[in-house]
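If you check TrEMBL, you get these features:
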ACT_SITE  A:Thr176  active site, nucleophile
BINDING   A:Thr143, A:Lys165, A:Thr176, A:Glu255, A:Asn376, A:Thr381  substrate binding site
2 protein chains.
Amino acid sequence: MALRLPLGFRAGAVRAGIKPSGKPDLALLASGLPASWAYAATQNRAAAPSVHRGRRLYAGGGLLRAVVVNAGNANCATGSRGVLDDERMARAAALRLGLPVEEVLTASTGVIGVPLPVERIEEALPRLDLTPFADAFAEAILTTDLRVKTAEAQVGGARIVGVAKGSGMIHPRMATMLAFLVTDAALPQEALRAGFGRVVDRTFNQVTVDGDTSTNDLAVLLANGAHGEVPLSAFWEALEEVARELARMIARDGEGATKLMVVRVLGAATEEEARWAARAVAASPLWKSALYGNDPNWGRILAALGNSGARFDPLKTRIVLQGILLYDGEALPFDREAASQAMRGEEVEVLVDLRQGEAQGEAFGCDLTEGYVRINALYTT
Amino acid sequence: MALRLPLGFRAGAVRAGIKPSGKPDLALLASGLPASWAYAATQNRAAAPSVHRGRRLYAGGGLLRAVVVNAGNANCATGSRGVLDDERMARAAALRLGLPVEEVLTASTGVIGVPLPVERIEEALPRLDLTPFADAFAEAILTTDLRVKTAEAQVGGARIVGVAKGSGMIHPRMATMLAFLVTDAALPQEALRAGFGRVVDRTFNQVTVDGDTSTNDLAVLLANGAHGEVPLSAFWEALEEVARELARMIARDGEGATKLMVVRVLGAATEEEARWAARAVAASPLWKSALYGNDPNWGRILAALGNSGARFDPLKTRIVLQGILLYDGEALPFDREAASQAMRGEEVEVLVDLRQGEAQGEAFGCDLTEGYVRINALYTT
């Protein structure tokens, strides 16, 4: 099922020989019109050259025309050679598209500490075909992901399409995976940059798979204006919807995961605290293990809330698991077998009411399984 | 091999019927002389009644004569009944020893959210025999632990004995397990309290098993003065040695662990940053999984350092794994098979030189295995 890009965008992918599997691993996204853009990247201090270069471009304030992505090699901790290789990748993409190199953003994902085989990228880019569809791009950027992650929305006749990857080394400190969001709505650079952080904070930054924040991750939004202007508040709402759907997909596809966990926190003192609390539950290895075993062990949820940094009183808090009230200031009697049964399935909802205020937040996680350990014990990824 | 307590201390344990296994689960430690004491407890906001009570006693400033511990039930999130049950446990121990109740500290560990069967504790305490040895006490306080954890040291003729438990829900936010340290050295209350935090920060707070901070944990030091005065600096050195040994034992006995990980960070800007950096490596699920698989995947160490909060420059940093230099500002060629071979065994050392300053720190962790997931998926603990 082909996913058409918004007006004026084209994308494609090719096999460059970076992934050991031999699958497509080099992807290119281009806009016919110069696009205003917003950008969020990892806060990891071991950030890769592609992240440093992206920050420089972003600070420069210019418009963007293309993003080139390789999957299979993070080009991180590769010394000064890594910086040159990243620039060479940008230049090869600029050459392919006939653009100035400052209009091309780079992104890399994969193993850390191995030199990037940049000649293969230079050799492959001329072979890369661009189409009006997102599918080949979405497939090529995956690494340990099992599923393609795309989402779309309409707003005032304009369209938003989002593509993401992410499965391990996923933990909120900004945008902890790769996400590419494109729209043909017309939005000035300034408005775009002002609103993007809030969307990222509410969606991508609320995903956690394993508590490890990657060195390479970024979320970028390109608006090329091909469709024209749209109501701004409706745009942000639609964008958040797309970002949330991608965030859910990343969590569901967490390494080794058998199910998606959605944590909703109500009644927090502030929205930030609601997010902290939700994230703490989604990140707790003990609760994630219980989730895997369909064990309604709510004490672990309570312990995670107690460490979240959010204002919290165990005597006021309510915990509802899959619609079953388990805790209301104290342990309630409940049918353990029925609660366990309710935890089976592809998605489990934890609802927490902190009763400290009016703010809400959510987080997206997954269960912790033997599969996660096996994937990460036995393969250098 | 019996471990004799310092002069003036006695301890013992009994079966109260709290642990489903039927093993001894109620332990008592008593000092013939009133002991000055220092105390560190969990910062989890869902802290158990025993922690709140301990803080109150500590703030009161009085001396301590006994500690009563039950294992198998955390008596946490048990509402107002839990507060009364904790007080009843203290009163039963005070009665057994003929002491005022304010001279008895309580501690509980085990499942969260289940009412404490306090009548069983009241019934069992009169049957509990005290001896000059730590062994029965050390055995009874265990839960999912596989091994007893004791350590000792001598200082100026006085002795220090430490006993701890801890295996899961272990992550530094203060003292994240139970640790009982006793000495017959004479130390004024004030000096004891002033110095204890530093020892806890360097040892127990640097242990991590799973990133989950427990609701019930505490470390307590009792000095009854039976032996007399000792040089203060030598005392702190000896105490730190005992605490470090217990910290190592807790990490090694982490749920499902097959090996101990010791992370030493040199060249940090401050001692606190050295500890952050070491702890971040010890806590990384990705690196812990690689450790389990004997995969010298140092990129995950670098990524963890980048997120630790410590000042860090990947171009300056050195990583040495089991004595093999893997990274020195950039990837170095190394024999992957030999490095993997070196990771086999009971203890693996990660040495990091940040080259930012002169400060050092260490952390204690373990590998992440399918066993951890199984223990926590399948049993309500």
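Heads up, residue numbers simply count up from 1 along the chain you see.
Glycine is treated like the rest: Cβ placed from N, Cα and C.
Structure coloured by features recorded in TrEMBL.
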residue	record	DSSP (3 states)
A:Thr143	substrate binding site	coil
A:Lys165	substrate binding site	strand
A:Glu255	substrate binding site	coil
A:Asn376	substrate binding site	helix
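Put plainly, the binding-site residues A:Thr143, A:Asn376 were compared by Cβ crowding within 10 Å, and the winner is A:Asn376.
Proximity to chain B, defined as a C-beta distance under 8 Å, is registered for the following binding-site residues out of A:Thr143, A:Lys165, A:Glu255, A:Asn376: A:Asn376.
For A:Glu255 (substrate binding site), the count of additional Cβ atoms within 10 Å of its Cβ stands at 27 [all protein chains shown]. Counted within 10 Å of its Cβ, the other Cβ atoms near A:Lys165 (substrate binding site) come to 29, all protein chains included.
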